[in-house]
Amino acid sequence: MEPPISESQANLYYNSYYLVYAVLPLLKLLCLTVIGLILAHPRTQLVPKATFKLLSKLVFALFLPCTIFIHLGETITVKNFMRWWFIPANVLLSTAIGCLLGYLVAKICKPPPQYFRFTIIATAFGNTGNLPLAIVGSVCHSSDNPFGPDCYTTGVSYVSFSQWVAVLLVYTLVYHMMEPPIEYFDVVDGGGEIQEQLPSNDLSRPLLVEAEWPGMEDRETVHCKTPFIARVFTSVSTLSYSSIPDPDSLEEASAPTSPKSIRCLAEPRVVRKLRIVAEQTPVRHVLQPPMFAILLAFIVGMVPPIKSVVYGKEAPLEFLTDSLNILAQAMVPSVMLILGGMLAEGPNESELGVRTTVGISVARLLVLPLLGTGVVYLADQLNFLIPDDRMYQFVLLLQYTTPSAILLGAVASLRGYAVREASALLFWQHVFALFSISIYIIVYFKLLLSYV
């Protein structure tokens, strides 16, 4: 094709260039999703649900850790660790801005009172793991991609670098925001068998529950399905807390018996309450296969003598990294097949309401990306970003663009709260995201590549 001559022809040529390179990757992912939907659809039942659950466990325990270790370990250095600081900071920023948007949605749309906090966290916490990795993998699949020959390695490294912050947020902010409301728990406790429970049979659980973090719902703690924090920090006496554990009872076994020692070990009441809550936060569950892969990539990648043995064409352990790379190539298609299987189950009945569901989806998929574009532009102007690294900026923008994290479904199941609402919301968000992500990726390509 001959290069355009006139200015109008040049504009038309480059506009079609951005459109092709933005839409084609999403069409590839859409095809994989549709294949998964067809395979898992109840009318066809070509592949049973048990197979998709097994595939999700393979992604979580094998394919995703291999992808992280191969690409993050190869690119991470002490210098890069310092240069990439804005990636985890951006996850925190996007979550904070999302919380503010979620609060506005809750105030405007007025969901049922027991789902007020769910509305906030569903708007705030997006998918920063599997879906961005799939998008980056699809964008970088062709050799003539606009981000250069190292597109996939650097893109996966940037996405993986944000994972540890996202996982910490899951087991702290998201875990506590998804605590059953104390008033709702009291009604349930006094009224009989009203509390929402998923069947104990593994095959009867929705695929949503295990689509991104398999086994989370099996790691129950003693108080995970009770409004423990509300019990710790409230002194309301009008409600019945017969089945909610008293936080003071948690310390009786280890409390000192001597009055003198009690006075010596006394601590402020607020500090004691915060300590009790911290002790009941299941941060220990953070150490899962993807996190182990991140930590191992940091250790190997930032120690040059070890790195030279593992990575590189002449490395003694090149055969090992090549084997892991073969496994890592199954990650993107597996993730999209699982997403298709999740959508095949359809939306569950929800008490959240159409108005709130639409409000969360609009805020998360349309408004937040606009605000995120402003944040990334401002960070670039303040020289917080790596100069002229378009993939770096693209990954930062993706963190504002994805739908709510599928992990919300697993946390909802773990806490026994808003399970059906999370399932329905995630279904509709991922359907709408097919269009919103397509639009915004075209915009991002236009903004990023027009300056190359």
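Here the Cβ of each residue, glycine as well, is placed from N, Cα and C on the backbone.
For 18-40 (among others), the entry in TrEMBL reads transmembrane segment.
The transmembrane segment feature in TrEMBL is assigned to 52-72 (among others).
Per TrEMBL, transmembrane segment is recorded for 84-106 (among others). Counting same-chain residues at least six beyond the ends of the transmembrane segment (84-106), those with a Cβ under 8 angstroms from any Cβ of the stretch are 116, 119-126, 128, 158, 161-162, 164-166, 169, 173, 356, 359-360, 363-364, 367-368, 371-372, 375-376, 379, 384-386, 392, 395-396, 399-400.
Sequence annotations record features per position, and here TrEMBL assigns transmembrane segment to 118-136 (among others). Within the same chain, residues 25-26, 29, 59, 64, 67, 91, 94-99, 101-103, 105-106, 109, 111, 151-152, 155-156, 159-160, 162-163, 166, 169-170, 173-174, 177-178, 212, 290, 331-332, 335-336, 339, 352, 356, 359-360, 363-364, 368, 391, 394-395, 398-408, 417-418, 421-422, 425, 437, 441 sit at least 6 positions outside the transmembrane segment (118-136) and bring their C-beta atoms closer than 8 Å to a C-beta of that stretch.
The transmembrane segment feature in TrEMBL is assigned to 156-175 (among others). Same-chain residues lying 6 or more positions outside the transmembrane segment (156-175) and placing a CB less than 8 Å from one of its CB atoms are 67-68, 71-72, 74-76, 84, 87-88, 90-92, 95, 121, 125, 128-129, 132-133, 136-137, 213, 281-283, 285-286, 288, 290-291, 294, 297, 391-392, 395, 398-399, 405, 407-408, 411, 414-415.
As annotated by TrEMBL, transmembrane segment applies to 286-306 (among others).
The transmembrane segment annotation in TrEMBL covers 326-344 (among others).
According to TrEMBL, the transmembrane segment annotation covers 356-379 (among others). Away from its own ends, the transmembrane segment (356-379) comes close to residues 86, 90, 93-94, 97-98, 101-102, 104-106, 108-111, 115, 119, 122-123, 126, 350, 385, 393, 396-397, 399-401, 403-404, 424-425, 428-429, 432-433, 436-437, 440, 443-444, 447 of its chain (Cβ-Cβ under 8 Å, at least six residues beyond either end).
Summarising the annotation, TrEMBL assigns transmembrane segment to 391-412 (among others).
Within its own chain, the transmembrane segment (424-445) is flanked in space by residues 18-19, 21-23, 25-26, 30, 122, 135, 146, 208, 339, 342-343, 345-350, 352, 357, 360-361, 364-366, 369, 373, 394, 397, 401-404, 406, 408-409, which lie at least six positions past its ends and keep a Cβ under 8 Å from the stretch. What TrEMBL lists as transmembrane segment is 424-445 (among others).
Remote same-chain partners of the transmembrane segment (18-40), defined as residues 6 or more beyond its termini with a Cβ less than 8 Å from a stretch Cβ, comprise 46-47, 49, 52, 134-135, 138-139, 141-142, 145-146, 207, 332-333, 336-341, 343-345, 434, 437-438, 441-442, 444-446, 449-450. Through the fold, the transmembrane segment (286-306) approaches residues 60-62, 64-66, 68-69, 72-78, 81, 129, 160-161, 163-164, 167-168, 171, 213 of its own chain, all at least 6 residues removed from its boundaries and within a Cβ separation under 8 Å. Beyond the transmembrane segment (326-344), the same-chain residues lying 6 or more positions past its ends with a Cβ under 8 Å from any Cβ of the stretch are 29, 32-42, 47, 49, 52, 55-56, 58-59, 62-64, 66-67, 70-71, 130-131, 133-134, 137-138, 206-208, 211, 406, 426-427, 430-431. Sequence-remote contacts of a segment are chain residues at least 6 beyond its ends whose Cβ falls under 8 Å from one of its Cβ atoms, and for the transmembrane segment (391-412) they are 84, 86-87, 90-91, 94, 121-123, 125-132, 135-136, 139, 147-148, 151, 154-155, 158-159, 162, 166, 170, 174-175, 178, 206, 208-213, 216-217, 342, 360-361, 364-365, 368-369, 371-373, 375-376, 379-380, 385, 418-419, 421-423, 425-426, 429-430, 432-433, 436-437, 440-441, 444, 448.
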